[in-house]
Amino acid sequence: MINLDRILGLLLLILAVAYGWGAFNFQVAFAVPESVGPATFPKILALIIGVSSLYMLVKPDSLEEGIRFKALPELCIVLVVLILYVFMMEPLGFVLSTSCMVAILCWRMGVKPLYAGLTGIVGSTLVFILFHFGLALPLPIGPWEVEWKL
């Protein structure tokens, strides 16, 4: 029997190589080679996907026949939440849309609603601060368009 984790690992490895190749060939006119620019995050993401896919290829999970599709409803919920997240990013802004997305996904994984909400708010705020101030990469602010200066 072919293990589905190995198939997914191979597909993700192909995706990581293609994504990384595109990120390394991305030309930015204003950036110097040492600077953090638009290609930095895709390079990091390609590396993470590549390492994760190699792990799936080397050490896949062993599933019993009876529990193969047990997680399908939860995966459908995750898919709907992520699609809504993409469409709500611009109108609601990064912090609010990411807070809601993380809170819902944490709650679906069994975290108490209060802790799920706090995780979403704190996590999205910290990521926004890191990207906006640390990396100088703008993220959608949403209806609360304010000039942020430090």
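Glycine is no exception: its Cβ is also placed from the backbone N, Cα and C atoms.
Quantities reported herein were computed from a predicted structural model and do not represent experimental measurements.
As written in TrEMBL, here are the features:
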DOMAIN    7-140  domain 'DUF1468'
TRANSMEM  41-58  transmembrane segment
TRANSMEM  70-88  transmembrane segment
TRANSMEM  94-111  transmembrane segment
TRANSMEM  118-141  transmembrane segment
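Distant neighbours of the transmembrane segment (41-58): 5-6, 8-13, 15-17, 19-20, 22-24, 26, 137; these residues of the same chain sit at least 6 beyond its ends, with a Cβ under 8 Å from one of its Cβ atoms. Note on the domain 'DUF1468' (7-140): its mean pLDDT in the predicted model is 83.
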